[in-house]
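Per TrEMBL, these features apply:
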type: BINDING; residues: B:Asp42, B:Thr56, B:Asp87; note: Mg(2+) 4 binding site
type: BINDING; residues: B:Asp42, B:Asp87, B:Asp238; note: Mg(2+) 3 binding site
type: BINDING; residues: B:Thr57, B:Asp58, B:Asp135; note: Mg(2+) 1 binding site
type: BINDING; residues: B:Asp58, B:Asp87; note: Mg(2+) 2 binding site
type: BINDING; residues: B:His65, B:Glu291, B:Trp343; note: substrate binding site
type: BINDING; residues: B:Tyr117, B:Gly134, B:Asp135, B:Arg161, B:Ser240; note: ATP binding site
type: BINDING; residues: B:Asp241; note: Mg(2+) 5 binding site
type: DOMAIN; residues: B:40-153; note: domain 'PurM-like N-terminal'
There are 2 protein chains.
Amino acid sequence: MIEDKNPQRTPLSELGEFKLIEHLTAQFKINHKSTVLGIGDDAAILNPSKKQIVVTTDLLVEGVHFDLSYVPLKHLGYKAVMVNISDVCAMNANATQITVSIAVSNRFPLEALEELYAGIETAARLYNVDVVGGDTTSSTSGLIISITAVGEVEEDKVVKRSGAKPNDLLVVTGDLGGAYMGLQVLEREKEVFKVNPQNQPDLSMYTYIVERQLKPEARKDIVDLLKELDVKPTSMIDISDGLSSEIIHICKQSNVGVDLYENKIPLDPQVISTCEEFNIDSTTIALNGGEDYELLMTISQEDFPKIKGNPNLTVIGYMTEAERGMHLITRAETKVPIIAKGWKSFNENEKQ
Amino acid sequence: MIEDKNPQRTPLSELGEFKLIEHLTAQFKINHKSTVLGIGDDAAILNPSKKQIVVTTDLLVEGVHFDLSYVPLKHLGYKAVMVNISDVCAMNANATQITVSIAVSNRFPLEALEELYAGIETAARLYNVDVVGGDTTSSTSGLIISITAVGEVEEDKVVKRSGAKPNDLLVVTGDLGGAYMGLQVLEREKEVFKVNPQNQPDLSMYTYIVERQLKPEARKDIVDLLKELDVKPTSMIDISDGLSSEIIHICKQSNVGVDLYENKIPLDPQVISTCEEFNIDSTTIALNGGEDYELLMTISQEDFPKIKGNPNLTVIGYMTEAERGMHLITRAETKVPIIAKGWKSFNENEKQ
């Protein structure tokens with residue numbers, strides 16, 4: 001489907017490890033005042049001055065987290081950075097630096113890694129993070145990307161998963177389920193391609209959801225918006241595994257329950273129409289789909305006037321005493337317990 | 001050779017990703033005042049107060065960096081932490097936190113990961129670093145370990161690779177070549193084992209060098225010693241790829257040359273005897289072996305009285321003007337250019 005159109009294929013062994021790292025990282029610029037020293041020493045040096053720092057890390061493995069038959073390497077590099085920045089945003093912090101480690105097998109030519117790093121560079125530039133270190137090595141099979149992100153936050157601004165209180169409002173950004181339905185479309189086209197490699201897929205009906213899957217954006221803008229609105233959420237988490245799973249994290253870590261309203265869950269029309277086409281229930285997708293990288297937060301009721309009517313923020317429920325449990329209130333007004341069916345990589349793998 | 005003797009084998013899929021992380025990380029304790037929040041949120045929160053922080057990351061890949069047929073998982077976990085702490089030490093900093101990400105295939109039972117994490121926990125406890133985050137996921141093949149270490153250092157104490165000056169002394173800690181010769185012994189025993197699996201290897205003659213390979217120690221003690229001696233090196237690097245390679249890094253980044261004296265390179269008697277047994281030149285091994293995780297530094301001549309006679313520190317040469325180049329002065333008093341033959345993973349892999 002999406003092929004490497006670059007006819008040049010330079011084997012990695014031509015460069016050796018040091019030269020490869022040098023070559024791939026030459027394009028990275030240092031912008032943050034807090035970056036004292038970037039790539040090229042035993043470690044990077046950062047000076048967060050008086051702020052607290054947050055640190056988060058994610059590992060992406062070929063064949064488990066991504067399928068290179070339909071994920072362009074540039075998008076993959078971009079997404080790998082977003083996944084980490086999203087975690088930093090979920091702490092109400094600003095991402096400032098990342099380290100990027102990759103392991104690749106020799107089947108990847110230099111030009112493929114250049115594509116991957118171009119995506120990383122674009123993400124770092126657009127989200128204003130400095131790439132300050134990393135490691136590049138070979139693997140016996142496939143591509144592995146490990147990114148660690150560092151962010152800064154003033155001590156009184158940091159938001160954990162554990163601060164939600166009964167009666168707080170449950171608020172989500174953007175809309176849900178798009179990334180998962182985008183994946184379904186791409187998987188279907190892959191099967192078509194296997195049968196008929198001449199077939200050119202027409203994805204024009206699915207542009208939004210395919211982009212949600214291939215090129216998610218971390219909600220850095222929400223961290224800025226919350227500051228502007230003078231709202232500090234009582235708890236926050238990013239939606240990587242699915243709404244159910246993240247709600248359960250907040251409830252357990254805050255020791256609260258929740259009533260989630262099915263009819264409030266924000267869905268894009270393209271998600272609804274694609275769910276109909278695939279004959280899947282859109283609420284199930286929103287609850288369990290994952291990879292939307294939206295933010296889920298709880299806010300105090302007294303802050304409601306500040307967020308009311310804001311198109312970026314949707315109230316989807318409210319927190320209760322822990323004893324009341326975690327429930328979805330369906331459109332038919334029945335109460336269904338919320339259970340996590342999030343993406344479980346070990347089970348997924350077993351099925352293969 | 002070294003087998004998993006635990007008869008219990010719990011498949012990873014029995015736990016699922018969240019429970020697995022919880023199970024493996026339950027043993028980790030938070031000790032550092034600067035760790036505000038550890039594992040369990042979107043990111044860890046650190047408060048380095050007025051210090052600078054250093055960040056470094058390393059990726060270890062099965063079949064490239066380690067061979068599980070002779071590396072016990074507990075040692076591997078320990079070593080993976082050491083490799084990163086060593087980089088922090090090379091900045092003259094104190095390691096304070098690490099994040100640990102692993103990808104494993106389903107061929108590993110839970111008990112194997114428990115062994116790996118026991119090694120990580122031991123290293124973290126002995127070197128006083130908090131494990132504050134990470135990621136655990138499946139891989140389509142083999143084991144991958146990605147560790148990021150964070151350290152603290154006062155602004156005026158940080159040592160880079162780039163500060164060496166002509167006439168500075170070149171100083172190395174400990175002795176060199178042991179880790180590489182330990183690997184040679186282990187590789188030989190593996191071949192013997194393939195032919196005769198009943199053979200019990202006698203490694204008693206090689207205990208020091210095998211331990212150097214399997215269980216290296218980061219020279220955190222040297223950071224403390226330098227403080228005690230009131231010596232701030234002008235440059236420093238840890239020896240992961242081999243003495244030649246690290247000397248070249250310092251020379252290039254400091255824009256100096258070097259005269260290195262062959263007869264000054266510290267070698268353990270076991271390295272010398274094993275080199276004789278394998279019919280390899282011990283200087284070649286010290287120069288190119290790698291993985292010793294000793295520290296290589298340059299210090300100003302006026303600091304020489306402070307380090308003189310210290311058994312941990314050996315002067316092995318001195319820095320020159322860059323135009324004089326980088327040379328080894330052999331025992332026969334000939335000058336040989338220093339070239340990097342360090343461990344190049346892409347080439348290594350190609351040979352396989």
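Along the chain as shown, residues are numbered 1 onward.
Just so you know, glycine gets a Cβ as well, placed from its N, Cα and C.
Everything TrEMBL records as a feature, shown here on the structure.
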residue	record	Cβ contacts under 8 Å, 6 or more apart
B:Thr56	Mg(2+) 4 binding site	B:Asn84, B:Asp87, B:Val88, B:Met91, B:Thr148, B:Ala149, B:Gly151
B:Thr57	Mg(2+) 1 binding site	B:Asn84, B:Ser146, B:Ile147, B:Thr148, B:Ala149
B:Asp58	Mg(2+) 1 binding site	B:Ala80, B:Val83, B:Asn84, B:Asp87, B:Ser146, B:Ile147
B:Tyr117	ATP binding site	B:Leu24, B:Thr25, B:Gln27, B:Gly77
B:Gly134	ATP binding site	B:Ile21, B:Thr25, B:Ile39, B:Thr99, B:Val100, B:Ser101, B:Ile102
B:Asp135	Mg(2+) 1 binding site	B:Ser101, B:Ile102
B:Arg161	ATP binding site	B:Ser235, B:Met236, B:Ile237, B:His249, B:Ile250, B:Gln253, B:Ser254
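Contacting chain A by the Cβ rule (under 8 Å between Cβ atoms), the binding-site residues B:Asp87, B:Tyr117, B:Glu291 reduce to B:Asp87. For the residue listed as 'Mg(2+) 5 binding site', the nearest of the binding-site residues B:Asp42, B:His65, B:Glu291 in terms of C-alpha separation is B:Glu291. A strand conformation is recorded for B:Asp135 (Mg(2+) 1 binding site) in the three-state DSSP classification. For the recorded site, B:Asp87 (Mg(2+) 4 binding site), the DSSP three-state label reads helix. Look at B:Ser240 (ATP binding site): DSSP puts it in coil. Taken together, the residues in the domain 'PurM-like N-terminal' (B:40-153) have a mean pLDDT of 93 on the 0 to 100 scale. Straight-line distance linking the Cα atoms of B:Asp42 (Mg(2+) 4 binding site) and B:Ser240 (ATP binding site), rounded to a whole number, equals 32 Å. Largest CA to CA distance in the ATP binding set (B:Tyr117, B:Gly134, B:Asp135, B:Arg161, B:Ser240): 32 Å, whole number.
When the Cα atoms are compared, B:Ser240 (ATP binding site) and B:His65 (substrate binding site) turn out to be 12 Å apart.
Each of the binding-site residues B:Asp238, B:Asp241 was scored by the number of other CB atoms within 10 Å of its CB, and the largest score is that of B:Asp238. Rounded to a whole number, the distance between the Cα atoms of B:His65 (substrate binding site) and B:Asp238 (Mg(2+) 3 binding site) is 17 Å.
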